[in-house]
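**Student:** Let me begin by handing over the structure; questions about it come next.
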Amino acid sequence: SRKPASPSLSEDQDLLLAAAYVSDAQYNRNVPFETSPRAIRLYYFYNHWTMQVAIYFFICVDLSLALFEEPALFPLPFLATSIAEVLCLTAFFGRLVHFAKVTPQMVFWKDTKNICIMVTIALTLIDLIIYGSLEAVNIHSVRWSRALRPVFLINFPESRQIRRTFRSIRNTLPDILYVFLLFMFSVMIFSLMALKLFGDRGLRTVEGLPYFTNILEIAFELYVLVTTANSPDVMMPAYNFNWWYSLYFITYIIINTYIFMSVFLAVVYNNYRKHLKNEIRKLVYLKRHKMMEAFNILKVKVGTEFVVMEARWRRLARTVMPHISSPHLELLLRISDEGQKGYVDKMNFLRLADLLNIHVVTVNIKRHPLEEWMPWVYQSSVSLLIQRMVRHRIFVWVYDIIILINAIFIALDEKNPFISYAEWLFLSLYIIEILLKLYTYEPRAYFGKKQFWNCQTCWWGVGFPPWLPFCRLVLETLFHPRFRLIVTTLINIGPTILTFGGLILVVYYVFAIIGMEAFHGKVRFFDPNFTTPDALMCGNPALKDSAFARDRYCKNNFNDLASSFIVLMELTVVNQCCALLADGFALVTHQAARLYFISFHVVVVILIINIFIAFILEAFFVAYSLEKSEVETAIERKIQELGVGIQEEEMHDGKLVDNTDAKDSGFSGDDGDNKRKALKGLYFRIASKKYRTVDALLQQMFESEIAPEDEGPPLDEILNFSPSDIYPKVPNFENSA
């Protein structure tokens with residue numbers, strides 16, 4: 001029979017399990033995992049950053065293989081690329097097996113993400129075998145499985161942000177579909193009108209082709225007109241014939257370009273916001289559910305309530321964040337155990353994940369060496385006057401004006417002797433600025449790792465490159481208080497912009513693979529100096545005398561992955577080349593090729609770009625309207641109570657401090673007061689808002705609507721939340737308000 005585990009071993013296992021729940025709540029992970037000791041250790045290893053970096057490395061290698069496969073930018077033998085792909089598939093399968101070891105079997109096999117990965121691995125292997133076999137007997141075939149490679153990027157648990165964006169698109173599609181059908185109906189009605197108006201009048205285009213005589217040609221030209229890519233060219237034959245016909249095109253543009261495109265944005269934004277709030281609500285309740293699981297593992301009964309003892313709370317916090325400093329840990333404990341009772345109650349315990357997510361900076365203020373070596377000089381009235389002058393905002397403004405004047409001088413003629421001598425004057429002023437700041441601020445803080453600009457100023461000031469004033473001017477502008485909210489919001493949405501970048505990459509990759517298979521070799525690029533007939537026709541007689549060849553668009557082709565991405569970027573911008581590209585590739589293949597370009601425009605420009613705009617709007621609305629969270633307020637209040645607070649403005653405007661030498665020692669209120677009076681020792685501040693993520697802001701916005709004591713519905717109900725649970729089906733005035 002198996003011996004029972006010792007109390008200490010059982011306590012350690014409970015602590016690891018509780019820490020796993022808290023860590024999941026901290027990083028918004030929703031992975032059901034087995035609670036056996038072996039499964040917990042595997043789960044920790046699964047979430048380790050090295051494993052995540054490794055899987056992303058293999059995903060990048062797998063996606064980049066298209067650069068080396070035919071049609072290739074850097075050709076490699078099929079054997080080399082196939083071996084690399086098999087290695088990547090092995091890594092993906094190993095990651096999937098690892099995931100299966102930590103999750104319950106029923107959960108694993110019900111998860112469609114896992115099924116998608118396994119099916120994609122199997123299909124890729126089948127395609128590799130078939131393609132390799134045909135190549136061995138010199139039969140060319142299509143590597144269709146390459147378009148499935150983004151499935152690995154989307155479906156691994158690490159890519160939950162990209163999946164959330166795809167879910168937003170999927171949930172928005174039904175409502176957009178009705179608007180799109182109405183839009184296409186409008187295009188077809190106008191196409192029929194154009195056929196009746198212009199079809200029998202014998203009009204010709206600039207190329208001498210019949211004008212608006214084919215219904216499908218008219219529909220395509222009018223669809224392109226919505227993007228304004230062929231305006232006013234498409235109108236000119238009719239306009240030249242009779243200026244009254246311009247009213248037809250003006251009416252079409254007003255209805256389809258301005259009204260329908262605005263309706264698309266409105267529908268996308270409304271549905272995106274609705275489904276986003278549903279996602280955030282699910283995240284909030286899942287986080288609270290995880291924290292309740294952790295509390296139930298560690299709780300003990302004291303009097304009439306269940307609590308977590310201080311010692312276990314400390315061990316838990318250190319297990320979740322091993323590198324947390326002792327002063328920071330002590331600060332969080334003071335917030336959680338407000339009455340210093342030796343334990344943390346349930347309400348305060350549930351805030352632990354949020355407390356650990358708040359970036360609290362520990363700073364160690366040190367005296368200036370001159371103050372220690374020669375206090376009578378450094379504390380003299382003249383010295384103090386100099387220090388006050390350097391710390392004053394006017395000093396910054398004066399040097400801003402100097403930088404602006406220097407930038408103007410650089411834009412002038414450098415051959416002028418006066419301009420040349422002026423550069424030495426500006427260099428002298430910068431050196432004086434550096435010396436004054438070194439005299440005023442503690443040198444190690446001035447050159448600390450958080451004061452990157454000061455190090456660069458000294459380095460650049462000695463070399464005095466011409467762009468130094470411009471760099472300083474740009475930074476001073478960006479960090480001006482009036483622009484700070486905008487810049488902070490842009491920094492906040494940076495990580496999520498990368499998520500949309502991943503989404504765009506997936507769509508681009510799929511369309512690029514399809515484009516390479518469909519259009520490879522149809523258009524060839526020749527050196528501009530070549531004047532042979534082939535060069536003038538982009539290597540294809542079908543392009544003779546076409547606008548595509550005449551405008552030298554030959555390099556816009558699908559002959560390799562890089563060229564394909566450039567073409568797709570040009571299509572995303574939606575300028576005049578959009579129509580030319582579609583027409584050119586239709587000439588070298590079939591008129592149905594235009595469907596490829598229309599599909600790309602619908603997916604990327606109408607759908608994804610509008611969702612991106614909706615996200616930007618929501619992010620700015622949140623940034624402008626949201627105040628500090630209750631947890632941040634509690635931390636700041638406790639910091640001020642302990643007398644160890646320092647404001648961010650002091651870090652920038654006055655006392656430059658360094659947080660590299662923070663000591664692992666405790667603190668008390670009286671000691672904090674003494675340190676504040678002496679301006680020396682350990683201090684704390686909440687980091688700038690730039691460390692927040694948009695997800696955290698949105699989560700905070702909805703979390704404020706949930707009562708602290710609300711533990712949420714059961715887990716199954718949380719996972720099945722729908723937007724209809726938030727928004728009433730029959731809204732009344734009160735709901736709308």
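Placed from the backbone N, Cα and C atoms, the Cβ positions cover glycine too.
Remember, TrEMBL labels are computer predictions, not curated facts.
Dumping what TrEMBL says about this protein:
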type	residues	note
DOMAIN	51-274	domain 'Ion transport'
DOMAIN	472-625	domain 'Ion transport'
TRANSMEM	49-68	transmembrane segment
TRANSMEM	74-94	transmembrane segment
TRANSMEM	115-134	transmembrane segment
TRANSMEM	176-199	transmembrane segment
TRANSMEM	211-229	transmembrane segment
TRANSMEM	249-272	transmembrane segment
TRANSMEM	394-412	transmembrane segment
TRANSMEM	418-440	transmembrane segment
TRANSMEM	485-511	transmembrane segment
TRANSMEM	565-588	transmembrane segment
TRANSMEM	595-624	transmembrane segment
**Student:** Establish whether the number of Cβ pairs under 8 Å between the transmembrane segment (595-624) and the transmembrane segment (418-440) reaches at least three, counting only pairs separated by 6 or more residues.
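**Tutor:** No, the stretches stay apart by this measure.
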**Student:** If you average per-residue pLDDT over the domain 'Ion transport' (472-625), what number do you get?
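**Tutor:** That stretch averages a pLDDT of 82.
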**Student:** Give residue numbers and ranges for long-range contacts of the transmembrane segment (565-588): same chain, 6 or more residues beyond its ends, CB-CB under 8 A.
**Tutor:** 220-221, 224, 227-230, 508, 511-512, 515, 519, 522-523, 538, 540, 542-543, 546-549, 551, 553, 556-558, 594, 596-598, 600-601, 604-605, 609
**Student:** Report, as numbers and ranges, which residues of the same chain sit near the transmembrane segment (115-134): CB under 8 Å and 6 or more residues beyond its ends.
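**Tutor:** Long-range Cβ neighbours of the transmembrane segment (115-134): 78, 82, 85-86, 89, 92-93, 96, 109, 140-141, 143-145, 148-149, 151-152, 155-156.
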